[in-house]
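Engineer: This is the feature table in Swiss-Prot:
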REPEAT    9-49  repeat 'WD 1'
REPEAT    52-89  repeat 'WD 2'
REPEAT    210-242  repeat 'WD 3'
REPEAT    243-283  repeat 'WD 4'
REPEAT    317-356  repeat 'WD 5'
Amino acid sequence: MSQQFTLRSHNSSITFIYPSPTSSLHLYTADSTGLIIEWDLITRRPVITWQAHNDTILSMSTIHNHLLTHSRDNTIKIWNNTDCIMEIPCNSLNFSNVVVVHDEILITPASINSNNLDVYKITSDWQLTRLISDINVYQLVEKGIQFEEIGSRNDYGIIMKIHLVDNIIYVGFESGDIVGLELILPKPIVKENSNIDKLIINQSPKLIVKYHNSIHVPNPIISMSTFQDILVSGSTTNKIVIHKHPVEIIKVTHSGVQSIVNYKNENLIIGFWNGEIRYDENVIKRDVPMIQNNDNDDRSKSIKKLTFMTLLVPQKVESTTTGKNKYSQLIRGKKILTTDTLLVGYEDGSIVAYKV
């Protein structure tokens, strides 16, 4: 892998990188202060910068063609450009993300207990309904009960990660447990009598346990990804688990698997806490702080802790400019968008692009 370019405008740790769902030439990045920057990947400069939240942004997604963000300031927001059109209070006592399913279902840590789950439905006219409240996954697994609403102090610790694979919602916990849940959304039952009157019976949504794995126990889950339609997970140790049958365990070179990126369903790109990235035989190392035993420590060494990774895949180049500017834009865009690019965020606020 070779370095292509670096994006620099954040002054705080990068917490999320999200390719724009509406433009292949744009990119969203977020940091630990709640700042979001929309980038033009051709000019490699910010297009829009706004203070979306007052604390770390944990998630970025899309719902009904609008940007959705989730922060440790206990809010989930939906945006029309930089205007917030909907705000949902949430519990962000942990560092878990949120997940959007079927473009209208939102899975979040529960507002009552961040160790549990809430399920919401958001319609295209921005009506909010809580379908399932404070579901305790631990009880669901241990008791084998299918239920709609329950709360308890018995659990697997805080929720660390949520990830969707083939309509199964995987939840990774502080304990190291991973639970796969299927969301059942029954259709209303319509009954008719002889007078042509209709009775509509709404059935309650349910979460059903489809998978449970404890290989990572007692180490917290810190990364989840998809590989060949199968869940892949990493923890604070040097172990990556591919959740196929039978389960495959891969020992890696370092502890702290911060990020796992699926590359073309052929290989995994692994990013570690210490800033190192590994892909096949390729290794990228970044400087990290060193502990010294004397008073003349070199404090000038830059901290390059890796915080986030995502893959930018080639897309068709589009341009709205004309003349020489259009030609220049197409040439630069072609260089970016015909190459698989790994975008890596670091604690110092930089985003580095590597050619894969």
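Glycine too: its Cβ is placed from the backbone N, Cα and C atoms.
Since this is a predicted model, take the numbers as computed values, not measurements.
Quick one: where do these features end up spatially?
Structural biologist: In the predicted model, the repeat 'WD 1' (9-49) shows an average pLDDT of 96.
Helix first, then strand, then coil: DSSP counts for the repeat 'WD 2' (52-89) stand at 0 helix, 26 strand, 12 coil.
Using a Cβ-Cβ cut-off under 8 Å and counting only residues 6 or more beyond its ends in the same chain, the repeat 'WD 3' (210-242) has close neighbours at 141, 157, 160-163, 165-166, 168, 170, 172-182, 248-262, 265, 268, 270.
Counting residues of the repeat 'WD 4' (243-283) by DSSP class, helix then strand then coil, yields 0 helix, 22 strand, 19 coil.
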Engineer: Under the DSSP assignment, what numbers of helix, strand and coil residues are found in the repeat 'WD 1' (9-49)?
Structural biologist: 0 helix, 23 strand, 18 coil
